[in-house]
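Presented below is the structure to which this report refers.
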């Protein structure tokens, strides 16, 4: 019985430590939102967000970020 308890506690400790190494680091650049005051131009210049969604342009991404707690970054220019 003692061996089983020690084994389970060891496995639990190992899993809790290993959980930190599996977190994915999201990389990208922050959208330039200084021009996004009144509205966005209707120019299709797509950007791919770190959330996997294609936004029509960087300005649209800025307006979406205003609704969020955690901002979406630009993963790359062009569609996802």
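Placed from the backbone N, Cα and C atoms, the Cβ positions cover glycine too.
The shown structure was predicted, so the numbers you read here are calculated from the model rather than taken from an experiment.
Features reported for this protein in Swiss-Prot:
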- 1-23: signal peptide (SIGNAL)
- 27-80: domain 'Kazal-like' (DOMAIN)
- 33-62: disulfide bond (DISULFID)
- 40-59: disulfide bond (DISULFID)
- 44, 45: site 'Necessary for sperm binding' (SITE)
- 48-80: disulfide bond (DISULFID)
TODO: Do me a favour and check the Cα-Cα span between residue 45 (site 'Necessary for sperm binding') and residue 59 (disulfide bond); whole Å is fine.
DONE: 10
Task: Shortest C-alpha distance to residue 33 (disulfide bond) - which of the disulfide-bonded residues 40, 48, 80 - done: 40
Open item on the list: Can you tell me whether DSSP puts residue 62 (disulfide bond) in helix, strand or coil?
Closed with: helix
Task: Sparsest Cβ surroundings (other CB atoms within 10 Å) among the disulfide-bonded residues 33, 48, 59, 62 - done: 33
Task: residue 44 (site 'Necessary for sperm binding'), number of other Cβ atoms within 10 Å - done: 8
- [ ] Summarise the domain 'Kazal-like' (27-80) by DSSP state, stating how many residues are helix, strand and coil.
- [x] 8 helix, 10 strand, 36 coil
